[in-house]
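Shown next, in structure tokens, is the structure this report addresses.
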Amino acid sequence: MTTMKHSLDKAVAAPALAVKPVGTALLVKILLAVVLIVLVALPTVLSTSLVNAAIQMLIMALFASAFNVLAGQGGMLSFGHAAYFGIGAFATLHAMNAVSGQGLLPTPLLPVFGALGGAAVGLVAGWFSSKRSGVYFSMITLALAELLHALAPHLKSVFGGESGVPSMRMPAWGFTFGSATEVYYLTLAWVVVSIALLFFFTRTPLGRLTLGLRENAHRLKFLGYNVHMARVMVFVISATFAGIAGGLLAMSNEAANYSVFEVRLSSEVVLNSYIGGVGVFFGPALGAAVMTFFGYAVSDLTRSWLLYQGIIFVAVMMFMPNGLSGIITWWRTSKFASTTKLGYVLGWTIGTLTCAAGVVFLVELLQRLLSDDYQFQLVQGQPWPALNLFGQAWLPGAVVTWLVPLVLLAIGGVILKLTSARWQALNDREA
């Protein structure tokens, strides 16, 4: 048995479980405490609309963290995680309608039904999908989610058809839960506790076994472990917390329809997680929070905000494959002085922002040129009327209109290339 334990330790050895220096561990704890204090204080300084946006950010952060248990830690990429999120939402809504008004279960505890719903469906889906691995696993999860999405409109007694299932938050424990602030604190409590449980899961024997599933599943099978059952257990845990996230969304919106099963939501959690970085525990939560706020802030400003999200994902995967959290890992592990690293970060930031300005200028210019309103003006015989962009009038036929974004892209590209070349040269000299 001792030999098997040592073999398992080797099989699942991974940087994620490496012992951190005392100073780094203390810094992480201080940082988490500061973040928690900021989250608690946010509603006192934000407007109601921003508080609602913060609620969505918290929910999506939990959803991404739940997804990361399966994809990041277990190495099982699911393309259908919206299924468990949606089931959690509907389970919570039906619980709100069935028991909340009768006082059988207080409102703050109702997301438990989301967890139960997500776990039940996750058990069935996980049993079938976990019999395969790799791309076959991903395709099975996608197929199961799409099957549920196709069936949902026809099961009106469960999912409410196009109008969905409405409900209402009932008072409990001295709170009415009628204001966005009270809903925010309820959501924050659930998200903090859930993410803490997910973190402690990574420190359990099953959590270490999850890393083994990602790193060397064949070796675990050789050592006598039931790999399929282990995968199912991890799948259920991930689906459970995805169900909690769905339940929190249902409580926030007091309604849901079958659109929560759309592949859009499944792909969104994948993109958010990888933008944040699946190699660090808090990376997916960071990516989900950032991209959710990005959608909230930008969607009212431009019709092309989804295109920008796609561009961000492609750029992160090409130039920062470890995600946004990879920057923190790079900073901590790099052997150079902080002032040196700060200079290069500044160079990359300036180059990135300059390129982003060029991309935004070009995209918005093309979007307006190809819009129905502008095409209608051309049909009416107006010779390429000026476009109002960023508070300025730009003539489509003028060279400067196209030169500005191209120059911005060129300057940003040169800055990025020079900064990266100097960084590579610095590393080569120290090697």
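Including glycine, each Cβ sits where the backbone N, Cα and C put it.
Per TrEMBL, the feature transmembrane segment maps to 26-46 (among others).
The transmembrane segment annotation in TrEMBL covers 53-71 (among others).
Summarising the annotation, TrEMBL assigns transmembrane segment to 77-96 (among others). Counting only same-chain residues 6+ beyond the ends of the transmembrane segment (77-96), those with a CB under 8 A from a CB of the stretch are 63, 66-67, 70-71, 105, 107, 110-111, 113-118, 120-122, 125, 129, 137-139, 141-146, 148-149, 152, 158-159, 165-170, 238-240, 242-251, 255-256, 258, 260-267, 269-270.
Taken from TrEMBL, the feature transmembrane segment applies to 108-128 (among others).
With a cut-off of 8 Å between Cβ atoms, the residues of this chain six or more beyond the transmembrane segment (173-201) that come close are 36, 39-40, 42-43, 48, 51-52, 54-55, 58-59, 61-62, 65-66, 69, 106-108, 111, 207, 237, 241, 244-245, 248, 251-252, 281, 285. According to TrEMBL, the feature transmembrane segment maps to 173-201 (among others).
According to TrEMBL, the transmembrane segment annotation covers 229-250 (among others).
Residues 15-16, 53, 56-58, 60-65, 67-68, 71-72, 195, 198-199, 202, 305, 308-309, 312-313, 316-317, 322-326, 328-329 of the same chain lie 6+ residues outside the transmembrane segment (271-294) yet bring a C-beta within less than 8 angstroms of a C-beta in it. Annotated transmembrane segment per TrEMBL: 271-294 (among others), in sequence order.
Annotation comment: TrEMBL describes 306-330 (among others) as transmembrane segment.
According to TrEMBL, the transmembrane segment annotation covers 342-363 (among others). Residues 304, 307-308, 311, 327, 389-390, 404-409, 411-416, 418-420, 422-423 of the same chain sit 6 or more residues outside the transmembrane segment (342-363) yet have a Cβ under 8 Å from a Cβ within it.
Under the heading transmembrane segment, TrEMBL lists 393-416 (among others). Counting residues 6+ beyond its ends, the transmembrane segment (393-416) has Cβ neighbours under 8 Å at 347-348, 350-359, 361-362, 365, 369, 384, 386-387 in the same chain.
The transmembrane segment (53-71) shares more Cβ pairs under 8 Å with 229-250 than with any other stretch in the list 108-128, 229-250, 306-330. Long-range Cβ contacts of the transmembrane segment (108-128) within its own chain (Cβ-Cβ under 8 Å, at least 6 residues beyond either end) map to 80, 83-85, 87-92, 94-96, 100, 140-141, 144, 172-173, 186, 189-190, 231-232, 235-236, 238-248, 250-251.
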